[in-house]
Amino acid sequence: MHLEAIASVVWTTNAKLIGCVYLSWSIAFGVSGLLMSWIMRAELCGLSEQVLFGDHQLYNVLTTTHGILMLFYFIMPGVMSGLGNLLVPIQLGVPELMFPKVNNVGTWLLVDGYLLLVGSSWVDEGAGTAWTVYPPLSMTASHGGVSVDTFIVSLHAAGLSSLTGAINLMVTCCYARRTHSCVLQSSLYPWSVAITGALLVGIIPVLAGAITMLLTDRNTGTVFYDVVAGGDPVMYEHLFWVFGHPEVYVIILPVFGLVSHSLHRGGLFSLYNMLGMVYAMIAIAVVGYFVWAHHMFTVGLDVDTRVYFSSATLLIALPTSIKVFSWMVGLRRMALASSAAWYVVAFLLMFLLGGVTGLVLANSEVDLVMHDSYYVVAHFHYVLSLGAVFGLLNGVLSCHELCSGYRSAAWLLRVQVVLLVWGTTCIFWGMHLSGTLGLSRRVPDAPDGYLGTVVSTTCGILVVLLVVALLLCASLEASLWDTQQLRATTRSTNPGMHNHMLSGMHSLDHATRGQLMLHTCVSTSHRASMHLEE
């Protein structure tokens, strides 16, 4: 029986089940990346060596693996493939995605890539190249052995997994919808997923070409990035950031759709400025293609080039501000301050702080000073680690209600949001301060003068640990089947009695549950009819 259950999960083509598998894997991979960040903060929590005994290569391996895990294995699968498989078919009114078998392959490519990534840390001395894998640091003279080769293959596996999900969701959004309904009548989440899929199809091959040339440089004698033989390592930086900067919007655009979806569900009226929101997402995706070199102001770009990329970077603030002000109007229309609204407010706070610091770094002269400092680390963590994670939690909250039929305790979710904002602000605002004072990143020690900001960052990590424990407790308590049955029995016998761990739960109405179970009912009846015919 257990083998049959495992086989049904491994070979499934059901979009709802694949979405749950994606979410489960992304949460597991995210927790492993979070553990690595705790080890790094334990090393940085005091002066001199703490837990790594002066092994700076191991520290760089931790930072490299942590960055790739959080970007490629936690946020991207969660907001794109995980929630996309769960929400897009329901919101478009279709029973299944267009290519269900390809959908299944993408799930297990992600697992293969994770095993290769973690395995690369155990081979030789590990890949300590940072997540950008810049040559010449990633060449054989600096990193011999097969650790970097394994790391590159894991990036290929993650890219293939992202491509399978992107093509599937994009084609489903474009072609598999009800003929009598207009796309503008649906939620903004399918729009964001379709735009993100187009972005991924355009940028993943660029990354694949860049790292494949690096792989051939390491193993077959080519000299694409070897300066001695006439190669150009700056070409790798251009190719990588042509992928790397749109990758930021690949992560954040589905989050935009999830936030808009939450406001649409909780608002008194339809979502404000829907057409403007769609055009803003398209503009963000298009302009995001042409601003890659603002990550490269220190490589020797001429003045005219730096002026162009600074101006184009500032231009992205325009469509982003359209979305932010539309969300604020949507918040004004919320009838009740639900838990989802608290998540949306927290997301807006984190995203605005990250966006403002991004405008600071868009100035090329300021970036020349701030480059490779903790200010840059704090900036992209505010946008990705905080903005994207709050949006992901918002989407998981919505899907949790749909999948389990029960809402978690509102008071616990609100306590968790407040603590998460507090903990993450302690972490990354301290990084901003130490970065403005000149503290370099990727160094496992700090001078005495930075002890205050370093300690505040470590205290924030402890608060985030408490938040993760609270979130898991709330999710498990609202998901356990035995607890749900006990709750239903208790309410039928003693309507006024609430004697479980977390009170205040209530079930969804039958209409919402029926909408969720549309595909399950169709699939079950189809399988039953096939069984009768046999």
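Cβ coordinates are placed from backbone N, Cα and C, and glycine is handled just like the others.
Database features (TrEMBL):
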DOMAIN    5-481  domain 'Cytochrome oxidase subunit I profile'
TRANSMEM  20-40  transmembrane segment
TRANSMEM  68-90  transmembrane segment
TRANSMEM  102-123  transmembrane segment
TRANSMEM  151-176  transmembrane segment
TRANSMEM  188-215  transmembrane segment
TRANSMEM  239-259  transmembrane segment
TRANSMEM  271-292  transmembrane segment
TRANSMEM  307-329  transmembrane segment
TRANSMEM  341-362  transmembrane segment
TRANSMEM  374-397  transmembrane segment
TRANSMEM  409-430  transmembrane segment
TRANSMEM  450-474  transmembrane segment
For this session: Determine whether the transmembrane segment (450-474) and the transmembrane segment (20-40) share at least three Cβ pairs under 8 Å, counting only pairs 6 or more apart in sequence.
Result: yes
Exercise. The transmembrane segment (68-90): which same-chain residues, six or more beyond its ends, come within Cβ distance under 8 Å?
Worked result: 15-16, 18-20, 22-23, 25-27, 29-30, 32-33, 36, 96-97, 103, 106-107, 110, 113-114, 117, 131, 151, 154-155, 158, 161-162, 165-166, 169, 172-173, 187, 189-190, 193, 196, 247, 250-251, 254-255, 258, 261, 384-385, 388-389, 391-392, 395-396, 398-399, 402-403, 515-516, 518-519
Seminar exercise, completed: Comparing 188-215, 239-259, 374-397, 409-430 for Cβ pairs under 8 Å with the transmembrane segment (341-362), the winner is 374-397
